[in-house]
Amino acid sequence: MTNIRKTHPLMKILNDTFIDLPTPSNISSWWNFGSLLALCLIMQILTGLFLAMHYTPDTSTAFSSVAHICRDVNYGWFIRYLHANGASMFFICLYAHIGRGLYYGSYMFQETWNIGVLLLLTVMATAFVGYVLPWGQMSFWGATVITNLLSAIPYIGTTLVEWIWGGFSVDKATLTRFFAFHFILPFIITALAAVHLLFLHETGSNNPTGIPSNMDMIPFHPYYTIKDILGALLLILTLLALTLFTPDLLGDPDNYTPANPLSTPAHIKPEWYFLFAYAILRSIPNKLGGVLALLLSILILIFIPMLQTSKQRSMMFRPFSQLLFWTLIADLLTLTWIGGQPVEHPYIIVGQLASILYFLLILVLMPTAGLIENKLLKW
């Protein structure tokens, strides 16, 4: 008799996705991040659900409801910090996953890649609206500053901002709708992730060499399930260490002060995972120019498959491209650091140079390196 997992309509889908899936035999630990992202998403939805049971999306009670969760709800402090630091782990996995895709040429699966970029934008939107909910100083002013950027759009900007706010400033209506968005978006992310996986399984996974691996495939289970479990344990260990020992390491102290529209914090800045984009935004003195640069810093990922000049897919055997890739990583770390610094000399010029280098590397230097490597190999 055929095994039920191969015949049952639902089990068959799960079987073809996680059990009998033919997988390249040589994929490294950089391929672990997909499953880690799934784990992060599940964890964020569960902790978020329990937080939503005690949170009130109202300007007069939001801050105190978060304090109530931390003080009076059983293990409320733990759930709250798991959720906050879980977001950081989510972005660490997300950036590692994108970095892997860039390095090994996984972006040549264009549908999978484009859904991935859409997923990145949705996760960023979710994190942004979620950051507003505790209604601390940085929540309020972060929301005010970032939503205000839309006013740079010619003609309709101001109307658009007031429409998003639901009034003439960030207020009760804004908080309520941001809570609604923050609740619904993770489910949209889940649906998009399923589509992402669907497109990936149309082509099969890439591998470190970038060479088709049809001739050497192994079943996903048990080889990669056990590998994913190891990755998951390391992720959980890191998250627990962060949550239990230094829960506020990545947060902002200003968020322990209730939101006050009459007092602006000295340095308004977003969470660490948005600092690179924030630095690019600030490095351009013009408001509209800054907004466009901010958008392009993320949307540039869509154009990467079109900028592929090398005849080799992966960077595994391309030393020039590797050097430029790691320069890009160093540049992003520099931008992240600059985004958290005040707007003064020498940070302004460093941020501007790092922003120029970011676009130069992706749009000019990396495609040129690909052409040079082709030439050196007489291809």
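A Cβ is built for glycine as well, from the same backbone N, Cα and C atoms used for every other residue.
What Swiss-Prot records for 33-53 (among others) is transmembrane segment, and it gives similarity to another entry as the kind of evidence.
Long-range contacts of the transmembrane segment (77-98) within its own chain (CB-CB distance under 8 A, at least 6 residues past either end) are made by residues 30, 33-34, 36-37, 40-41, 43-44, 47-48, 50-51, 66, 69-71, 116, 120, 123, 127, 130, 235, 238-239, 242-243, 247, 250-251, 271-273, 301. Summarising the annotation, Swiss-Prot assigns transmembrane segment to 77-98 (among others) and lists similarity to another entry as the type of evidence.
In sequence order, GLN44, THR47, GLY48, LEU51 are the residues near HIS83 (heme b b562 binding site), counting only same-chain partners six or more apart with C-beta under 8 A. For HIS83, HIS182, the entry in Swiss-Prot reads heme b b562 binding site, with the evidence type similarity to another entry.
What Swiss-Prot records for HIS97, HIS196 is heme b b566 binding site. Residue density at HIS196 (heme b b566 binding site): 21 other Cβ atoms are found within 10 A of its Cβ, drawing on all protein chains shown.
The feature transmembrane segment is assigned by Swiss-Prot to 113-133 (among others), with similarity to another entry given as support.
What Swiss-Prot records for 178-198 (among others) is transmembrane segment.
For HIS201 (ubiquinone binding site), the same-chain residues that are 6 or more apart in sequence and have a Cβ closer than 8 Å to its Cβ are ASP16, THR17, LEU21. As annotated by Swiss-Prot, ubiquinone binding site applies to HIS201, with the evidence given as similarity to another entry.
Here Swiss-Prot flags 226-246 (among others) as transmembrane segment. Non-local neighbours of the transmembrane segment (226-246) in the same chain are 29, 32-33, 35-36, 39-40, 78, 81-82, 85-86, 88-89, 93; each lies 6+ residues outside the stretch with a CB under 8 Å from one of its CB atoms.
The transmembrane segment annotation in Swiss-Prot covers 288-308 (among others). Tertiary neighbourhood of the transmembrane segment (288-308): same-chain residues 98, 102, 105, 107-108, 110, 113-114, 117, 120-121, 124, 149-150, 152-154, 276-278, 280-282, 355, 358-359, 362-363, 366-367, 370, selected by CB-CB distance under 8 Å and a gap of 6+ residues from either end.
Residues 99, 102-103, 269-270, 272, 274-280, 282-283, 310, 347, 350-351, 354-355, 357-358, 361-362, 365-366, 369-370, 372-373 of the same chain sit 6 or more residues outside the transmembrane segment (320-340) yet have a Cβ under 8 Å from a Cβ within it. The transmembrane segment annotation in Swiss-Prot covers 320-340 (among others) and rests on similarity to another entry.
Non-local neighbours of the transmembrane segment (347-367) in the same chain are 279-280, 282-284, 293, 296-297, 300, 304, 307-309, 321, 324-325, 327-328, 331-332, 334-335, 338-339, 341; each lies 6+ residues outside the stretch with a CB under 8 Å from one of its CB atoms. Here Swiss-Prot flags 347-367 (among others) as transmembrane segment, drawing on similarity to another entry.
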Around the Cβ of HIS97 (heme b b566 binding site), the count of other Cβ atoms that are within 10 Å
20
For HIS182 (heme b b562 binding site), the nonlocal same-chain Cβ neighbours (under 8 Å, six or more residues apart) come out as GLY48, THR126, VAL129, GLY130, LEU133
